[in-house]
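Asker: Feature annotation from TrEMBL assigns coiled coil to 193-226. The domain 'Histidine kinase' annotation in TrEMBL covers 329-412. The transmembrane segment annotation in TrEMBL covers 23-42, 62-80, 92-116, 123-149, 155-180.
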Amino acid sequence: MANVRSLARVDSWVGFPQDRPPVVFNVFFWGSVFVSALLIFANLKMLKTPGSTADDGWLRGFVLMSAVALPVTCLLWPLLPWRATVPVLRKTVTVLFLGSSMLLLSSGGIAALLVVSVSVGNALVVFGLRGGIAYAAITGLFCFLIGFFNPDQGLIASVVSGAVMLLLCLVILVVVVAMIEAHRRAEETAVLLAELKDAHAELRRYAEQARELAVAEERARMARDMHDSIGHYLTVINIGLDNAQRYRDLRPEAAWEEVRQAQELTREALADTRRWVRALRPLRMEGKRGVEALAALVDSFNGADIRLTFTPSGRWPDLDGEREMVCFRVVQEGLTNVLRHAKARNVEVRVDCTAQAVNLSISDDGRGGDGETAADGTGLRGLRERVEAVNGTMDVHTAPGEGFRLRVRVPV
């Protein structure tokens, strides 16, 4: 982002925005005009000094031409076109500006060279490369003629001054071509960045939709499981109560035993329902992702009969929606299994984040069980399939009296 802002600042100095000159050209032009004005003022003052070299007719003429050309050049500057697609009348301003800048060169000193250079750059923008080269040739020829008609300069000095001016103009052409290319690339970069921003926003919307669909799928699956579980309890309770009704006269003890078992099943069904409600509640949370979502999920399982510890470390990586949902599902399924089967009092959930993966660990101090049977349970088997679908790994360790430990690695 800092590089983009730097590029925008550079383009504001060297670009050609909306038929206006670059900022750097404005700086060069007005700085050169100021210095040239000082030199012309000094030369005009010399004209009033008797016996000075300014009494020479050729020098007097150059000074007067420069004095007239300076305000004309300043007036033409705001009218200059800075794009090729302008009317012919606007392009004539470029020709007039070149003429006034060359007259300014006659006695404006070395500062006037920058004005002429800007004029050549303007010709390149308006008339193209051929027009810029033609302007450079005209400027070099004009410098040669100034020296040629100067009595104090010989032919060789005139040729050298003309060649130097031509070389300077060609260098300016190269610089302006580079500026135009840089501005074009900056505009293309701005367009690409805008498209990338839109694509990123669209991708975020798609990811959010995918996450919502995954959440809805989880809720539907869990609702089906809860329906089957509660339906089983209610069916058994109903059978027991029917038996109690039949036994109440002939076998009252058996009837009361059926009622007792129905009460026990009712308590188990109520506890199971509460667990499902805890498991479903985090799926309705909005605006939470990563460690924050997992912490809220763990907190939703806290109850009077169990103590949960959540320990995160590292910085949450940039996971896609599918991998993030797998992490969420691992913790959810692991805690649900603990509450339903482990009879544990303490459960620890660890989340270790690296740049390459998210490592999840769920361990408890419950009764444990047979390792092969636990690892092959329906819930864990489905969880393993989801983990492997994102190229992750899953390890389950349990033994009688040793509790239960689930470890999952989800790569970025």
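Every residue, even glycine, has its Cβ placed from backbone N, Cα and C.
Just so you know, TrEMBL annotations are computer predictions that nobody has curated.
Please go over these features one by one and say how buried each is and what sits next to it.
Answerer: Residues 21, 29, 33, 36-37, 40, 43-44, 47, 54, 90, 93-94, 96-97, 100-101, 103-104, 106-108, 112, 115, 122, 146 of the same chain lie 6 or more positions beyond the ends of the transmembrane segment (62-80) yet place their CB under 8 Å from a CB of it.
Beyond the transmembrane segment (123-149), the same-chain residues lying 6 or more positions past its ends with a Cβ under 8 Å from any Cβ of the stretch are 16, 58, 62, 81-84, 86, 91, 94, 98, 102, 105-106, 116, 155, 157-159, 161-166, 169-170, 172-173, 176-177, 180.
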Asker: With DSSP helix as H/G/I and strand as E/B, how many residues of the domain 'Histidine kinase' (329-412) fall in helix, strand and coil?
Answerer: 31 helix, 30 strand, 23 coil
